[in-house]
Amino acid sequence: MSLTKQEALELFRSDDLIGIGMAADAVRRKLHPEGVVTYIIDRNINYTNLCTEYCTFCAFYAPIKGPGRAKGYVLEFDEIYAKIQETVEFGGTGVLMQGGLHPDLKLDWYEAMLRGIKQRFPQVHLHCFSASEIIHVAELNGLSIRDTIARLRDAGLDSIPGGGAEILDDEVRHKVARLKCLTEDWLNVHRTAHSLGMRTTATMMFGVGETLEHRVNHFQHVYDLQQETGGFTAFIPWTFQPKNTALGGRGWDEATSVEYLKTLAIARIFLSNIENVQSSWVTQGLKVCQMGLRFGGNDVGSVMLEENVVRAAGTTNCTTEEELRHIIRDAGFRPAQRDTLYTKFFLN
Ligand code: SF4
C-alpha cells in the first residue's frame with residue numbers, strides 16, 4: 001500500500017531521517033529479500049546536442065541559433081557504431097541513447113540508426129529517446145505518439161528511459177522548461193509505450209525550486225500510471241546539477257545529501273508498486289550512493305562508459321565496475337550485474 005500525499009508531506013517535513021530510511025529499507029527488503037543490489041554496464045550516447053527547447057536546468061544543449069550553434073553536433077552513424085562496439089567489448093549489454101530536440105532529424109533518420117545498430121549488434125538492448133524527443137519526432141513527422149513509438153520499436157527500440165520528467169507538475173515545468181512537454185504529455189508517451197508492450201523507467205530531477213507538494217504530485221502521477229499499466233521497471237531520482245546552467249546562474253544551490261536521501265527514501269515508500277529504485281552515484285558520488293542502499297535503493301545504475309549531460313553541468317564523478325561492487329558489498333549486499341529490464345542477473 002502506498003502513502004497518501006498528506007503522509008508523504010509529513011515525512012518530508014519530519015527531521016527523522018534515520019526513521020524514514022529504515023521504513024524505506026523495510027520496503028526494499030520486502031521487494032528484494034535476497035539481499036542483491038544490481039548495476040548495469042552500458043553507455044550513454046548523446047547523438048546530438050542541438051536542441052530547440054532551452055531548458056533552464058540544462059548545460060548540455062547547443063542552441064539552434066546564434067553563436068552557441070557552433071558547438072552543436074550530430075554524431076555520424078559510424079561514430080555511434082564504434083561507441084557500441086567498445087561498449088560490447090567492455091562487457092556492456094545496453095545503450096541509453098538521448099539527444100537534444102533537433103529541428104531537422106526526421107523519423108527515418110532514427111529508424112535508419114536503430115536498424116543499423118541492430119544489424120550489427122542484435123544482442124544490445126536499446127533504451128532510447130525521452131518522452132520529449134518522441135513527442136518532438138512525432139510532431140515533426142505529423143504522426144501520432146502511438147505510430148511513432150511503434151515505428152521506432154519496429155526499427156529496434158527496446159525500451160524508453162524516463163528522461164524529460166524533471167518534476168511532473170506543470171507549475172514547475174512552466175518555470176524551468178517552458179517549451180518542454182507538459183506532465184500529461186510525458187505520462188501519455190509512457191502510457192502509450194506500455195500499451196504497446198514496451199517497458200520504460202520513471203525519473204525525477206529535483207531541487208529546481210519546486211515545493212514539497214510538487215515532489216509529492218510527481219510521485220502520485222508515477223504511482224497512478226504504474227497502477228494502470230504496470231509498465232515501469234524502475235524509479236530513478238537525482239538532484240539538479242547547477243553549474244553552467246541558466247538556473248544555476250540565478251544562484252541556485254544543489255540539494256544537499258540529506259535532502260537527496262530523504263527524497264529517495266520517501267520515493268521508495270510511496271512507489272511501492274515499482275520494483276526497483278536507483279541510488280545515484282553520478283550526481284551524489286559513491287559514498288552517498290552507498291548510503292542510498294539503506295534508504296530504499298536496490299540498484300546503483302550504470303558503470304557508464306560515457307556520460308555527457310551531467311558532466312556538462314560540472315559534475316564529474318566517475319567509477320569502475322569493481323568500485324561499484326565494493327560499495328555494494330560493503331553496505332551488506334551481494335552485487336549482481338543486470339540487463340536493462342532488470343530481468344537477467346549475473347551473480348559472480
Ligand atoms: S534538457 Fe533536453 S530538451 Fe531541455 S535543453 Fe537540454 S537537451 Fe534540450
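The chain as shown is numbered from 1 upward.
Quick reminder: no glycine exception, Cβ is built from N, Cα and C everywhere.
Automatic, uncurated: that is what TrEMBL annotation is.
Worth saying up front: this structure is predicted, and the values here are computed from it rather than measured.
According to TrEMBL:
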type: BINDING; residues: Cys51, Cys55, Cys58; note: [4Fe-4S] cluster binding site
type: BINDING; residues: Phe57, Glu166; note: S-adenosyl-L-methionine binding site
type: BINDING; residues: Ser130, Ser280, Ser302; note: (3R)-3-methyl-D-ornithine binding site
type: DOMAIN; residues: 37-275; note: domain 'Radical SAM core'
Task: Cα-Cα distance, maximum over Ser130, Ser280, Ser302, record's (3R)-3-methyl-D-ornithine binders, Å - done: 19
TODO: Spatially speaking, which of the binding-site residues Ser130, Glu166, Ser280, Ser302 is closest to Cys55 ([4Fe-4S] cluster binding site)? Use C-alpha to C-alpha, please.
DONE: Glu166
Open item on the list: With an 8 Å cut-off on Cβ distance to the Cys51, Cys55, Cys58 Cβ center, who else from the chain surrounds the [4Fe-4S] cluster site?
Closed with: Glu53, Tyr54, Phe57, Phe60, Tyr61, Gly100, Ala177, Lys180
Task: Closest of Cys51, Phe57, Cys58, Glu166 to Ser280 ((3R)-3-methyl-D-ornithine binding site), Cα positions, binding-site residues only - done: Glu166
Open item on the list: Filtering Phe57, Ser130, Glu166, Ser280 (binding-site residues) by proximity to ligand 1: which pass a Cβ cutoff of under 6 Å to any of its atoms?
Closed with: none
Task: Number of Cβ atoms other than its own within 10 Å, given for Ser280 ((3R)-3-methyl-D-ornithine binding site) - done: 22
Open item on the list: Just to verify a number: CA distance, Phe57 (S-adenosyl-L-methionine binding site) to Cys51 ([4Fe-4S] cluster binding site), in angstrom, no decimals.
Closed with: 13
- [ ] Could you state the whole-number distance in Å separating the C-alpha atoms of Cys58 ([4Fe-4S] cluster binding site) and Glu166 (S-adenosyl-L-methionine binding site)?
- [x] 11
Task: C-alpha spacing of Glu166 (S-adenosyl-L-methionine binding site) relative to Ser130 ((3R)-3-methyl-D-ornithine binding site), in angstrom - done: 11
- [ ] Provide the number of Cβ atoms within 10 Å of the Cβ of Phe57 (S-adenosyl-L-methionine binding site), excluding the reference atom itself.
- [x] 21
